[in-house]
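Novice: Not my notes, these are from Swiss-Prot:
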type	residues	note
DOMAIN	15-125	domain 'Thioredoxin 1'
ACT_SITE	Cys46	active site, nucleophile
DISULFID	Cys46-Cys49	disulfide bond
SITE	Gly47	site 'Contributes to redox potential value'
SITE	His48	site 'Contributes to redox potential value'
ACT_SITE	Cys49	active site, nucleophile
SITE	Arg111	site 'Lowers pKa of C-terminal Cys of first active site'
ACT_SITE	Cys388	active site, nucleophile
DISULFID	Cys388-Cys391	disulfide bond
SITE	Gly389	site 'Contributes to redox potential value'
SITE	His390	site 'Contributes to redox potential value'
ACT_SITE	Cys391	active site, nucleophile
SITE	Arg453	site 'Lowers pKa of C-terminal Cys of second active site'
MOTIF	481-484	motif 'Prevents secretion from ER'
Amino acid sequence: MRWLLSCLFLVAFASCSKVLELTKDNFHSELKSIPVALVKFYAPWCGHCKKLAPEFTSAAQIISGKTNDVKLVKVDCTTQESICSEFGVSGYPTLKIFRNGDLDGEYNGPRNANGIANYMISRAGPVSKEVSTVSDVENVLSDDKPTVFAFVKSSSDPLIKTFMALAKSMVDDAVFCHSHNNLFVTPSDNELRVYLPKRLRTKFEDDFAVYKGELESNNIKDWIRKHGQGLVGYRSPSNTFYFENSDLVVLYNNQSIDSYPSGVKYLRNRVLKTLKDNPQKFKNLVFAYSFADDFSYEISDYGIEADKLPAVVIQSKDKKYKLEKFSLDAFSDFLNKFEDGLLTPHVKSEPLPTDDSSAVKKLVALNFDEIVNNEEKDVMVVFHAGWCGHCKNLMPKYEEAASKVKNEPNLVLAAMDATANDVPSPYQVRGFPTIYFVPKGKKSSPVSYEGGRDTNDIIKYLAREATEELIGYDRSGNPKKSEL
């Protein structure tokens, strides 16, 4: 009886599953009949795939109750290698969006059931919604995203083609709507507006901005970026697009706009008042409010304790400046000092090392310039992370190489934990370990090391590239014979 119930349960589960499993024999034919499909390329042994599977299945179930135009699909790359190879799948799980069988792009949305469902359902309809009555306009304006609205004289207007292409490329960033009727105005030409998210409306600024530039996609996109969040936007992990490419002033606090809208509004209004009192002085800065929990890694990097919130940080190129315990007067003074170049940058750094006897010099943010930019020394730098397995394999060999060249007067081998210290410009660390060679006389142009990771590989590289020939090794990396 138990066996029978188990079988019935499995049959019921299989029949209820809304995830389609496709193979090389039916992949293309099936996808052509699906308006919008999210395809999961996976491997059964993959841990991340196993974690995603129940969320993916639940998302498919949610979607099936709301629309027939979106389907979730899975492909087992261990048995369907040709399909996975065709779409450049190199890791698991890989998620891609298809429209009627054509690849539409990578999936960059949430990985939980509701998030996946909402993300994909939003792609089922047209990229821009047509509005025909005045009463509909307020209804389509988004509460949490900017709404970009095109008022055009006819559906054949050239603006529509540019507008639709832009809407497709910005589907994650804004809501797009258009109308062929003169709903609010009767302009002699077309009009393009961006409306603030409803939840950001205040008495301190207009609800929308009107575009005055040329009808060129990149120009319009930059304009949306500038005006879509208003003078003080609400910055979250999903909308960082609006806060890039500019000096950014972020007010962090322990209240989210979803849980404490009145508290967020109060602090935003205080910042807005400062900006309205100084409209020209701070016009080149972008301002935002952020929920501290959404950016806990930033809070940690800046060394801000919970009892110091609300706090303000200015992110300016590769430098950061922080103000703890926000007040209106302190904030205004902080901004003025930044504009006048009177602030001291915040530097994330481990303490200076007390033991300097190791062959590999320990770098922290506070001694980096002194050691690496010493014009009398060639320096090799390893940027590592404590959790990195490749780093753990490298460091004993790197330390051995350092021991073998420790008596070289013009050479230093050093290492920095890049997760515990700010990495200065122009160094770029996108993975671990990252290694640079910094010759004397060329400190502004460090060379990325792409050589082998064994002790001898490192020594041969140093012997060959050293500004001055090493005392203990020839240019080929061979040990020099001691003179009797």
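From the backbone N, Cα and C atoms, a Cβ is placed for every residue, glycine too.
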Novice: Per-residue pLDDT averaged over the motif 'Prevents secretion from ER' (481-484) comes to what?
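Specialist: Value for the motif 'Prevents secretion from ER' (481-484), mean pLDDT as a whole number: 62.
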Novice: What is the interatomic distance between the Cα atoms of Cys391 (disulfide bond) and Cys46 (active site, nucleophile), given in whole Å?
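Specialist: About 24 Å separates the two Cα atoms.
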Novice: What does DSSP give as the helix, strand and coil breakdown of the domain 'Thioredoxin 1' (15-125)?
Specialist: 41 helix, 28 strand, 42 coil
Novice: Measure from the CA atom of Arg111 (site 'Lowers pKa of C-terminal Cys of first active site') to the CA atom of Cys49 (disulfide bond) and give the result in Å, rounded to a whole number.
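Specialist: Taking the Cα atoms only, Cys49 (disulfide bond) lies 11 Å from Arg111 (site 'Lowers pKa of C-terminal Cys of first active site').
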Novice: Among the recorded sites listed here (Gly47, His48, Arg111, Gly389, His390), which has the Cα closest to the Cα of Arg453 (site 'Lowers pKa of C-terminal Cys of second active site')?
Specialist: His390
Novice: Using a 10 Å radius around its CB, how many other CB atoms surround Cys388 (active site, nucleophile)?
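Specialist: Other Cβ atoms found within 10 Å: 18.
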Novice: Determine, to the nearest whole angstrom, how far the Cα atom of His48 (site 'Contributes to redox potential value') is from the Cα atom of Arg111 (site 'Lowers pKa of C-terminal Cys of first active site').
Specialist: 11
Novice: So if I draw a 10 Å sphere around the Cβ of Gly47 (site 'Contributes to redox potential value'), how many other Cβ atoms end up inside it?
Specialist: 9
Novice: Which whole-number value in Å describes the distance between the Cα atoms of Cys388 (active site, nucleophile) and Arg111 (site 'Lowers pKa of C-terminal Cys of first active site')?
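Specialist: Checking the Cα atoms of Cys388 (active site, nucleophile) and Arg111 (site 'Lowers pKa of C-terminal Cys of first active site') gives a distance of 25 Å.
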Novice: Going by Cα-Cα distance, which of the recorded sites (Arg111, Gly389, His390) sits nearest to Cys46 (active site, nucleophile)?
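Specialist: Of all the candidates listed, Arg111 is nearest in space.
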Novice: Please report the distance from the Cα of Gly47 (site 'Contributes to redox potential value') to the Cα of His390 (site 'Contributes to redox potential value'), rounded to the nearest angstrom.
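Specialist: Pair distance, Cα basis, whole Å: 20 Å.
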Novice: Between the Cα atoms of Arg111 (site 'Lowers pKa of C-terminal Cys of first active site') and Gly389 (site 'Contributes to redox potential value'), what distance do you get, rounded to the nearest Å?
Specialist: 26
